Every structure is written in C-alpha cells, then in structure tokens.
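What follows is a set of notes on a single structure, which appears directly below.
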Amino acid sequence: MRGLVVLVTLACFATAQHQALIDYLERRLLAIEDRISLWHEQTTRYASELRELKQQMVSQLETLDKEKEALRMNLDGVGTRVDRVERELDYLETQNGAQPCVDVDDKLIEQQVTLVKEKQKAKYSKLSDCSDMISSIKAMKILKRVGGPKGVWSKDTGRGSGKVYIFNGTDDDTIHEFSSVQDFARSLGLSLAKTIKLPSAWKGTGHVVYDNHAYYINQVDEITVVKYDMKNNSVTDSAVFPVQDHVPVYSLTPETVMDLAVDEEGLWAIYSTRQNDRHISLAKMDTNLLDIEQMWDTNCPRENAEAAFVICGTLYVVYNTKQPGRSRVQCVFDVNDMVTNEEAPLVYFPKRYGAHSSLKYNPQEQLLYAWDDGYQILYKLIMKKKLEI
C-alpha cells in the first residue's frame, strides 16, 4: 500500500513538471510570435519608407537631368558668345591703326579700289581658274579612334574614287586601304583593311593619295618624293626634292620634314630649310614627273605650327593657340596675291583632343581629313569666293 502511494506521488510530480514545461513553451512561443509580428510591422514600414525614398530620388534625378540639360544649353550659348567675342577681338587686332587725317575724294578712292581689284582679277585668271577660300568650319565629326597618336588618313582626292587610306604612325612601309569611309567607320580597328606593302618606308605625316597613286616622303640621306601606283603595286616615279638642309616644317610635328598637299590645282609640297628656318616655304609640283614648277618663301612662321593644307593655291597654316584644345588658321599665303592675312577670315577649329598631326583637304568634298591624337576627324568647310572679300 505504501509503495502505491509513492508511485502515485511520483506520477503527480511528473505531471506537474510536464505541465510547467508546456506552460513555459507556450509563453516562449507567444513571445516569439509577438517579435515576429513586430518585425513584420517594422519591415512593412521600412519597405514603405524605401518606396517613398525611391520615388523622391527618381523625382530629384529627373529634376537634376532637366537642370543639367538647361545648364548645358546655357554653357553652349556662353561658349558661342565667347568664341564670337574672341573672333571679333582677333579681327580688331589685325586691323591697321588709325588712318591719317587726310581729305581724299571718295570717287578717287573708289576708282583706285576698282583698279586694284581689276588688276588682281586679271592676274588671278592667268594663274588659276580656282577662286574658293575658307569662310568658316561648318561642322566637326569624330569618326573613330584607331592607331597611334600621329598619322595620316585621307580619301583618294582624284575623281571617281571613294577609297580611304591610313598611314598609321610616322615611320612605316604599310598602307591600310578601305573601300569607303563607311567601311572604315564600321571596321574594328583596321581589321577590314587591305594592306599595301610599299617598297620603301614613308617618313612623317606628309603623304597624300591622288588619282590611284600614293605620293609619300622617303628620307634616308635626302628627301625623296615617291609616286606609287596603287593598282599595279609598283613605283611609277621618284624624285629627290631639290632643296638642301631641310628642317621639320612644323615645330609641333617634328617628324614631318615635308608635307604634301592636293587641291583643285594639283600637288603641292610644304617644307622649310635651314636657310629660312623661321618660316614655311611652298612649292608647286607636277603630278606626272614630280618636277618643281614654282617655289615661294612665305611669311608664315614655323613656331607653334601644327599642320597646313592648300585650297585653290592658298596655303593655310594651323597653329596651336594658348588656350587648351584650341587651334586656328593664323597665317594665309596666296600664291596669286589675292588674299592676305589681314583680309582672310578668322577660322577656329572646334574643341579637340591634342594637336593635329595632319590635315588633308579633299577638293571634291570640301572636307578636311584630320588626325588628332589617334582620332580620325572630318571637318566640313564653308567656302566663299576670294573676289568677294
């Protein structure tokens, strides 16, 4: 009987412990459920706040984009006005000082001006039928970036050809040929190009392609102009340039000892010599025999010169200004004496990357093909008649 009482007592004790454990677990579960409910409320609130913050950020970003666009337009307008003021100031600086106080009959002045123009017109018609000159640069298009910081790219300046040629670097014997500007723009690097191996290396950035022939500068002991037939892959002719003691024609492109150019009148050579090392000289060349037809010493300095080109018998020399990323045509020499520096319009180039290592004029398109720190750029020109000045 006593043993039974003990068993009953133990069973009651175990039941009490079990009930206490169940009560404890229920309390813990309730506490956990309360915490989960609190976390859920906080998460919901945080998610709502994040959505509101996101909406505010989107709205602020849209406002900033609008303000950025308005600021960009304002800056463009300011830049245009600054350029206009610079051109006007430069123009005023180039003008003569005050005229002497002398009474001159207006009709006499008009007669003298008319007489000078008629003489100039007669002289010009004897030397050339071409009368275009640059008025301004209409547009700039950055086509792509390929090759080294210096080089030459140009379309064949002869009629009926759309091929584009790349002279990458300043010392090589390979030309890269593309069937069109579009193929060159689409090409990954120079992958779509046809390579043309020359029998001798070209030097500098003074080469041109004209009427299916490459005219390039080869320099060993003397400066030689080589005429290479692109169709037959053979040298048609070569000639040693008949001037001694050459110096680099542009101070900012020292690799170029001579720069060849093509315009409406044919082939030109731009060069400089030790005897006249402060200025640039110009020569007209025969495209067939590479003979020198005529030579001129210009008043255009080599100092700070980047590159040059010829249009209608007028040499345009481009200089690096003191402003970063700016260059301008600062010296003009017309072989027909129709245009002077004082009369020539101020021509500024748009913002660029470094300095022009070459500028090649295409008379068929009135475009400048520029190589600027590895970027291939097209400049669209606006022309005017020389006699309209």
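Every residue gets a Cβ built from N, Cα and C, even glycine.
No curator has checked TrEMBL annotations; they are predicted automatically.
What TrEMBL says about this protein:
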type	residues	note
SIGNAL	1-16	signal peptide
COILED	47-74	coiled coil
DOMAIN	129-385	domain 'Olfactomedin-like'
DISULFID	Cys130-Cys312	disulfide bond
**OP:** Determine the minimum-neighbour residue: among Cys130, Cys312, listed as disulfide-bonded residues, which Cβ has the fewest other Cβ atoms within 10 angstroms?
**Re:** Cys130
Subject >> Overall pLDDT for the domain 'Olfactomedin-like' (129-385), taken as the rounded mean >> reply: 91
